[in-house]
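Trainee: OK, Swiss-Prot features for this one:
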type: DOMAIN; residues: 125-311; note: domain 'ATP-grasp'
type: BINDING; residues: 151-207; note: ATP binding site
type: BINDING; residues: 281, 283; note: Mg(2+) binding site
């Protein structure tokens with residue numbers, strides 16, 4: 001029997017209709033795997049050994065009672081076959097420390113999804129720089145003059161922080177926007193923080209598409225997150241609505257171009273953000289949208305693809 005650990009935000013406060021981590025747990029349980037639940041505060045390192053307080057977990061697709069804890073134990077993480085690192089951002093120093101603890105277990109043979117070193121290496125906004133031919137015009141700087149110049153050049157731009165999630169602090173600036181100065185000051189904290197600028201993509205009207213890749217294999221359907229009226233952000237957390245649809249030709253082309261690098265880096269479950277035919281983000285920490293895609297296209301099991309990939313890797 002495969003022993004699966006998961007590190008996640010408190011299971012008591014998730015929305016099971018939308019939570020991809022929950023879908024992963026349901027699929028693992030369906031395969032009779034043993035589920036070990038952990039939060040960040042349960043992880044610790046002693047004399048170089050990665051350990052945790054874990055609770056055995058049972059899950060159920062039930063709106064009121066979706067989980068039940070069984071016995072609690074303190075164990076070496078190397079006794080688990082696989083651990084899903086599903087903690088949501090912020091990607092802060094605490095998150096980084098957790099990846100070092102998980103890396104100690106990985107060195108002893110536990111499969112970590114996604115690979116701890118790659119979680120540190122591949123910032124969700126910056127990692128697109130490794131694929132410049134696929135992205136909009138993108139500038140990363142803390143220099144106000146560079147940002148003003150970029151705004152002048154394009155006339156319609158998006159400015160965003162490098163560490164946000166769910167569409168937080170994303171600004172659209174059109175030509176002659178009177179707020180350009182204060183937005184640059186806010187995002188760069190007066191030149192002390194890097195931020196990202198990209199030319200505005202009108203195709204956002206058709207949605208910001210989340211394309212999932214499972215161990216190098218693109219899922220054939222995506223979730224297009226369509227901005228609410230008067231919004232430029234498609235994020236569901238910012239009021240966008242999700243619409244599942246098959247991948248377009250350009251989605252396939254982008255996914256296939258990026259997939260081999262992801263697989264090589266041990267990034268087994270990844271969400272690409274695509275607007276029109278441009279790649280805007282590569283989400284590696286805890287990508288979502290599997291539930292919504294599976295609900296719309298019951299012929300596909302994304303979590304099934306993931307558990308198959310885990311089984312294959314464990315057999316190697």
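Keep in mind that glycine also has a Cβ here, set from the backbone N, Cα and C atoms.
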Trainee: Quick one: of 159, 175, 199, 281, which of the binding-site residues has the smallest count of other CB atoms within 10 A?
Mentor: 175
Trainee: Closest to residue 283 (Mg(2+) binding site): which of the binding-site residues 159, 175, 183, going by Cα position?
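Mentor: It is 159, whose Cα lies nearest.
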Trainee: Across the domain 'ATP-grasp' (125-311), what does the pLDDT come to on average, as a whole number?
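Mentor: A mean pLDDT of 95 is what the predicted model shows over the domain 'ATP-grasp' (125-311).
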Trainee: Quick one: Cα separation, residue 167 (ATP binding site) versus residue 281 (Mg(2+) binding site), in Å?
Mentor: 12
Trainee: What's the CA to CA span in angstrom from residue 151 (ATP binding site) over to residue 281 (Mg(2+) binding site)?
Mentor: 20
Trainee: Taking the Cβ of residue 183 (ATP binding site) as the centre, count every other Cβ atom within 10 Å, in any protein chain shown.
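Mentor: Excluding its own Cβ, the number within 10 Å is 18.
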Trainee: Between residue 175 (ATP binding site) and residue 281 (Mg(2+) binding site), what C-alpha distance do you get in Å?
Mentor: 25
Trainee: DSSP three-state call for residue 167 (ATP binding site): helix, strand or coil?
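Mentor: Reduced to three states, the DSSP call for residue 167 (ATP binding site) is coil.
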Trainee: Do you know offhand how many angstrom separate residue 207 (ATP binding site) and residue 281 (Mg(2+) binding site) by C-alpha?
Mentor: 14
